[in-house]
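Have a look at the structure below before the remarks.
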Amino acid sequence: CFGFPLSIFFIVINEFCERFSYYGMKAVLTLYFTRFLHWDDNFATAIYHTFVALCYLTPILGAIIADSWLGKFKTILYLSIVYAIGQAVLSVGSISELTGGSANNLALNIALSMIGLILIALGTGGIKPCVSAFGGDQFEDDQERQRGTFFSLFYLSINAGSLLSTLITPTLRASECGIHTKQECYPLAFGVPAILMAVALVVFVTGSKMYKKVKPQGNIMLEVSNCVGFAIKNRFRHRSKQFPKREHWLDWASEKYDKRLIAQTKMVLRVLFLYIPLPMFWAVFDQQGSRWTLQATAMNGDFHLEKYLIFSHVHLLQIVNPILIVIMVPVVDSVVYPLIKKCKLNFTPLKKMTVGMFLGSMAFVAAALVQVQIDKTYPVFPAAGQAQIKLINVGEIPATVQFQPQLGSVDVAPKKESGYMIFETSKLQSLHITAAALNKMESLDLLERERYTLAFKWDSTHISSNLVWDNITSKPENGRSLVRFINNFPFTVNVTMGDTDFGELDSLSVTNYSVVPKPDGSYTINASMPKDACTVVSKKFGYGSVYTISLDYCTENKLSVTYFEDIAPNTVHMAWQIPQYFLLTCAEVLFSVTGLEFSYSQAPSNMKSVLQAGWLLTVAVGNIIVLIVAGASTIDKQWAEYVLFAALLLLVCIIFAIMASFYTYIDPNEIEAQLSKEEKEEDKKDQDDNEKEGEAYSRM
């Protein structure tokens, strides 16, 4: 079909469904850890990268099974079943009703989630080296151009699946479900990918009779390992100068192993040597699912698309990468590379990968610049030995507050606030409020590193006040917003906002902070009074904000409120992440697509999956690097960590460029054909020698 084997279309469709399943689950995984399992950012990042590392360590197992035992087809089939089961277990593990809807008893949820993720890692990792190599097997030796196009089409299907899943699963997560309590619907967000994995399995089996199935040729991995081990041992035994040197150190294995295996092992080791610096690229690349996602939660995600999209703003930028991949792969393949070729530039695969690594480094420089701007917007919290206090005048006349002993004074206008002021806890003892000839003294005993709010008002005969411990020591995580209410009525009211019930509130008392479900939405605030009820529609709070709302008065059932900003909303817009995503996508097109094809083209016929597994192993090592650097690093500024990764990748890029300059491209098929010819000539020579010996013997 169009010059391609028909079987590859089943493989491409299968890959699309499998990648939808994987990336759909992965898109909400970090938020599942932080919001459902209530893990902190660092632990969630560690588990995320551990899972990704495991997904790319298991390809070694899949490659051994495929090349040595079951063959690629059966390996893909059996491990896909394990994969589908893992997705189903993860979906079940995310059901809150397993523990009665309690957020304090999540042991069963955690256990099932970890079992599901382990099975997914085994399944997806096991089939990774087999599917692309199995697709490559469908082509004849003279279909080099079609094979190259297949790898681009294969990568396109990966990102098409990623794009759709990144759009759909966050939408499913944002919907609410549950029996005891309504909350984000992770069972559905994980359940749909499980269904897609089952569809991928069915599609793959449907094309069974059309596939070209290469039989496994023994335990190749073991043979290669033994060959290398024997060569090293034999070379050590003959290290004396009396033994002549050999052209290659692997030639010392010729006493025990045939020329074909030695030649194939040389091909594999030459490529694997080039792989040594590659993990650093993946250490950078895979942070878009962890650190970059968490960076987005500290940004303003209001794209004015709330009428069209119901998933979290955090996921909006995650779809940029697959969208750009879907656009750029065909453009680069059909326009950019041909133009470079016309300019007579020798843009070899290794040069493409080098440029990709450089662009990946620049992507993290861009991320660091964005992080610097985000850090500037963070509020200042009290240090050791300090406390902060904010004054809110909910009354109708101005007031002056003096901090004793002689620590200054502040004038606060009606319905205004002072902002948080820092004091040494050992010095600040009390404050005096003065308003319209009335005075009131408020004794203070503040805890260090804490924030407090003093709400007060004048009501003709006395000054009422209420000192409240804010119980907030950092900006809300994950882009959440918090809100609380002050009752400025002279009587008790019952307060609700949307579906959140704040309960009964006495005069001048303050509620605890509650999470605003959708910071970019508006909610109806309702104050129920002894004889009436008043409502008002709230303003949009904005991501990462904290507000105190004063319930002031009611006119004709319309509630009048005043907003006091405790922590400003995120102001750096998420659109500033687009440059870093664009640079990283360009890097991915040049590095990853090229690397897949390079790994296949330079591998011997019986070691395609082994070399694909080696390529994927670099991804695992990259994620392990993230774990090590993040765990061992004492850097407390996120921008500095981004700069560290950018510098490391740039250094590795230079090393890789030097290594690549010494690499000579080969044609494994040509080498193997030459070896086959030599083997036939040797066999013929042996046969002739045997015939001559037989004739000589008969004459005797």
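Easy rule for this one: first residue shown is 1, then count along the chain.
Even glycines carry a Cβ here, placed using N, Cα and C.
The region 'Disordered' feature in TrEMBL is assigned to 676-700.
The feature transmembrane segment is assigned by TrEMBL to 46-64 (among others).
For 76-95 (among others), the entry in TrEMBL reads transmembrane segment.
If you look at the transmembrane segment (107-127), the same-chain residues 6 or more away from its ends with a CB under 8 A from one of its CBs are 18, 22, 25, 32, 36-37, 51, 54-59, 61-62, 65, 75-76, 79-96, 98-99, 616. Summarising the annotation, TrEMBL assigns transmembrane segment to 107-127 (among others).
Marked as transmembrane segment by TrEMBL: 148-168 (among others).
For the transmembrane segment (188-207), the list of distant contacts is 7, 9-11, 13-18, 20-22, 24-25, 28, 32, 76-77, 80-81, 83-84, 87-88, 90-91, 94, 165, 168-170, 172-173, 175, 177: same-chain residues at least six beyond its ends, Cβ to Cβ under 8 Å. Summarising the annotation, TrEMBL assigns transmembrane segment to 188-207 (among others).
What TrEMBL records for 267-285 (among others) is transmembrane segment.
Same-chain residues lying 6 or more positions outside the transmembrane segment (319-340) and placing a CB less than 8 Å from one of its CB atoms are 23, 149, 152, 155-156, 159-160, 162-163, 166-167, 288, 347, 577-578, 581-582, 584-586, 588-590, 593. Sequence annotations record features per position, and here TrEMBL assigns transmembrane segment to 319-340 (among others).
Residues 280-281, 284-285, 291-292, 295, 572, 576-577, 579-581, 583-584, 586-592, 594-595, 598, 638-640, 642-643, 645-647, 649-650, 652-653, 656-657, 660 of the same chain lie 6+ residues outside the transmembrane segment (352-372) yet bring a C-beta within less than 8 angstroms of a C-beta in it. Per TrEMBL, transmembrane segment is recorded for 352-372 (among others).
Residues annotated as transmembrane segment in TrEMBL: 613-635 (among others).
If you look at the transmembrane segment (642-666), the same-chain residues 6 or more away from its ends with a CB under 8 A from one of its CBs are 267, 270, 273-274, 276-278, 280-281, 283-284, 287, 291, 348, 350-351, 353-354, 357-358, 360-362, 364-365, 367-368, 371, 602, 629, 633, 635. Under the heading transmembrane segment, TrEMBL lists 642-666 (among others).
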Quiz item: Ranking 76-95, 148-168, 267-285, 613-635 by Cβ pairs under 8 Å to the transmembrane segment (46-64), which is first?
Solution: 613-635
Quiz item: Counting only residues 6+ away from its ends, which parts of the chain sit with a Cβ under 8 Å from the transmembrane segment (613-635)?
Solution: 42, 45-46, 49-50, 52-57, 59-60, 62-63, 125, 128-129, 268, 271-272, 275, 278-287, 290, 595-596, 599, 641, 644-645
Quiz prompt | Cβ contacts under 8 Å made by the transmembrane segment (76-95) with residues that lie 6+ beyond its boundaries | solution = 18, 21, 25, 32, 36, 62, 66, 70, 108-113, 115-124, 126-127, 130-131, 134, 186-187, 189-191, 193-194, 197-198, 200-201, 204-205
